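K.L.:
Right, I'll just put the structure down here and ask away after.
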Amino acid sequence: MAAPVRLFARKILRDFSGNVCFSTSRVTAGSIHCRAPHSGRCLSNDAGDRSTHFGFETVLEEEKAQKVYQVFENVAQKYDVMNDAMSLGIHRLWKDVLLHAMNPQPGARLLDVAGGTGDIAFRFLKYIESQEEKMRRREAKIMQTPSWQDISTSYAGEQDAVPQESKAVVCDINKEMLKVGKQKADSMGITTGLSWVVGDAEELPFGDNEFDIYTIAFGIRNVTHIEQALQEAQRVLKPGGRFMCLEFSKVSNPLLSKIYDAYSFQVIPVLGEVIAGDWKSYQYLVESIRKFPDQEEFKDMIDDAGFYCVRYHNLTGGIVALHSGFKL
């Protein structure tokens, strides 16, 4: 009897939260603590006998993680070049949309899971820098002709202000991808506010309630247990924190879908062979997109993980979808 009551209460709370909207990510200051991975997976003793998909191939669950690791180890050096080639550069616009929807404020702490070569983290830090510059210009403009109230408020603010440092943590299970990301950061002169951590999306090496924002871009479809990864995202976010996922999804327009399928299966693996010398890895990436849940099904999975105000927006006709939810 208790279980149905709990489910009913949870549904009421979700329905209520559907009327609650957030325009910006929750911003608080604080430190980030790493911890040893926990054994949070809810698997039975016979989990080793379970099968899953690796693209269109059926494999044992215990084999998928190693196969995915091998894919990204193989393509790490050419990963960014291939992203530009495969998407004709449009992936940059998709990631910009993610940042503008996120609208992070100074002091925010970001965890970018499967962040690999750092594209989201770099954009985050650049966006924060632009926000700080806007604040400085606004304050300078006010102080050009200050009133006594402005002077008093400014003085009080200086006395009470606590320095807030924005921080981006890139977490990826693949060391080769992180290596490429670090090299990019060095070449861009990014030395502060950024750290790189080797970690599994299903067993994140961080404590509870650590981050204001959790992002995962084009990575969650490669996770063996998506539900577990979503639960981990919920765990490490602070109350009021935001989950954001950018991922390939399902195209609704029949004509665009046919063109997209033809391009995916006939062109992308060829590009992978020519540019990265790896046909099979990009064949897998194309197939993994087709095995990923559609927009509504993935939205339901995020709901089931305990997030509220879950929404999604289709980009480029549904080729990509941006899902978002909040931890209350």
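Just so it is clear, glycine is given a Cβ too, placed from its N, Cα and C backbone atoms.
Keep in mind that TrEMBL annotations are predicted by a computer and have not been checked by a curator.
Sequence annotations record features per position, and here TrEMBL assigns S-adenosyl-L-methionine binding site to THR117, ASP172, ASP200, ALA201.
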K.L.:
With every protein chain in view, what's the tally of Cβ atoms within 10 Å of the Cβ of ASP200 (S-adenosyl-L-methionine binding site), excluding that atom itself?
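P.N.:
ASP200 (S-adenosyl-L-methionine binding site) is surrounded by 18 other Cβ atoms within 10 Å.
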K.L.:
Let me make sure I understand the span of the S-adenosyl-L-methionine site: among THR117, ASP172, ASP200, ALA201, what is the greatest distance between any two Cα atoms, in Å?
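P.N.:
Binding-site diameter by Cα atoms for S-adenosyl-L-methionine: 16 Å.
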K.L.:
If one looks at the chain holding ALA201 (S-adenosyl-L-methionine binding site), which residues at least 6 apart in sequence have a CB under 8 angstroms from its CB?
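P.N.:
Same-chain residues close to ALA201 (S-adenosyl-L-methionine binding site) (Cβ under 8 Å, separated by 6 or more) are VAL113, ALA114, CYS171, ILE173, ILE216, GLY219, ILE220, VAL223, ALA229, GLU232.
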K.L.:
List the residues of the same chain that sit at least 6 positions away from ASP172 (S-adenosyl-L-methionine binding site) in sequence and have their Cβ under 8 Å from its Cβ, in sequence order, or write 'none'.
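P.N.:
Expected: VAL113, ALA114, GLY115, GLY116, LEU178, GLY181, TRP196, VAL197, VAL198, GLY199.
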